[in-house]
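Trainee: According to TrEMBL, the protein carries these features:
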type: SIGNAL; residues: 1-23; note: signal peptide
type: DOMAIN; residues: 47-69; note: domain 'Glycoside hydrolase family 19 catalytic'
type: DISULFID; residues: C47-C108; note: disulfide bond
type: ACT_SITE; residues: E91; note: active site, proton donor
type: DOMAIN; residues: 159-169; note: domain 'Glycoside hydrolase family 19 catalytic'
type: DISULFID; residues: C214-C246; note: disulfide bond
Amino acid sequence: VSMARYAALAALLLAVAVGGAAAQGVGSVITQSVYASMLPNRDNSQCPARGFYTYDAFIAAANTFPGFGTTGSADDVKRELAAFFGQTSHETTGGTRGAADQFQWGYCFKEEINKATSPPYYGRGPIQLTGQSSYDLAGRAIGKDLVSNPDLVSTDAVVSFRTAIWFWMTAQGNKPSSHDVALGRWTPTAADTAAGRVPGYGVITNIINGGLECGMGQNDANVDRIGYYTRYCGMLGTATGGNLDCYTQRNFAS
């Protein structure tokens, strides 16, 4: 083999190797066994969502958002995925406050229990997508008519995960995207600073549910979100960073 052909062959093999790693994407960090360890009760017989949140559905959905869980350093990637699962595990938790296994019950629910918030656009899926506007925007982004068929979010697991990742990746109004915050790419405005909103996991809670959980001191919902996040950071081998709560932050609507 000539040197030129050898170099070309080596370059081709390298490209294939790099392409393989890129193709794995999120799956190279959240393997099937890691997913099962993070969410050990998702298929528990006590959970209404049992059998719904499959690993394959998560990976298929994640692969439609190439920047999700693949951006930045190895620690950036781990921290973003820990934050995503921390928030969505709280949104879908079946855990009991104060129990030894409180933070092992993520993805137990796929629908809001009482279905009382904005019916028929009540909370569904990992992020508990809520409200007609959110269903409309998410549906447009992923190419599904979720306004006419909101139940897709609780019957099609790939659609369900895609709505959660869309919400995660998308800045709305005066809110940054959770993705940018998780990666340390968000710079607070003067208004954010005046409202006590600082970079860290706490402001992601503010983005998701600030009106009910932020600026009111310590509360159980914040504690639960932080507990899940801390557990996942430990499992993935990365630090949590600072500013984990939003106890003293005003919400983005105020």
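Note that Cβ sites are derived from N, Cα and C of the backbone, with glycine treated the same way.
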Trainee: Between the recorded positions C47, E91, C108, which lies closest to C214 (disulfide bond), Cα to Cα?
Mentor: E91
Trainee: How about long-range neighbours of the domain 'Glycoside hydrolase family 19 catalytic' (47-69): same chain, 6 or more residues beyond its ends, C-beta under 8 Å?
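Mentor: Hits for the domain 'Glycoside hydrolase family 19 catalytic' (47-69): 25-27, 29-30, 32, 35-36, 39, 41, 77, 80-81, 84, 92, 94, 105, 107-111, 126, 142, 154, 157-162, 164-166, 168-169, 179.
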Trainee: Among C47, C108, C246, these being the disulfide-bonded residues, pick the one whose CA is nearest to that of the residue listed as 'active site, proton donor'.
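Mentor: With Cα distances computed to the residue listed as 'active site, proton donor', the winner among C47, C108, C246 is C108.
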Trainee: Taking only the Cα atoms, work out how far C47 (disulfide bond) lies from C246 (disulfide bond), in Å, as a whole number.
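Mentor: That separation, Cα to Cα, works out to 29 Å.
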Trainee: For C108 (disulfide bond) and C246 (disulfide bond), what Cα-Cα distance in Å is obtained after rounding to a whole number?
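Mentor: About 25 Å separate the Cα atoms of these two residues.
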Trainee: Between C47, C214, C246, which of the disulfide-bonded residues has its C-beta surrounded by the fewest other C-beta atoms within 10 Å?
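Mentor: Comparing Cβ neighbours within 10 Å for the disulfide-bonded residues C47, C214, C246, C47 has the fewest.
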Trainee: Write out how many residues of the domain 'Glycoside hydrolase family 19 catalytic' (159-169) are helix, how many strand and how many coil, based on DSSP.
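Mentor: Result for the domain 'Glycoside hydrolase family 19 catalytic' (159-169), in helix, strand, coil order: 11 helix, 0 strand, 0 coil.
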Trainee: Report the DSSP secondary-structure composition of the domain 'Glycoside hydrolase family 19 catalytic' (47-69) as helix, strand and coil residue counts.
Mentor: 8 helix, 0 strand, 15 coil
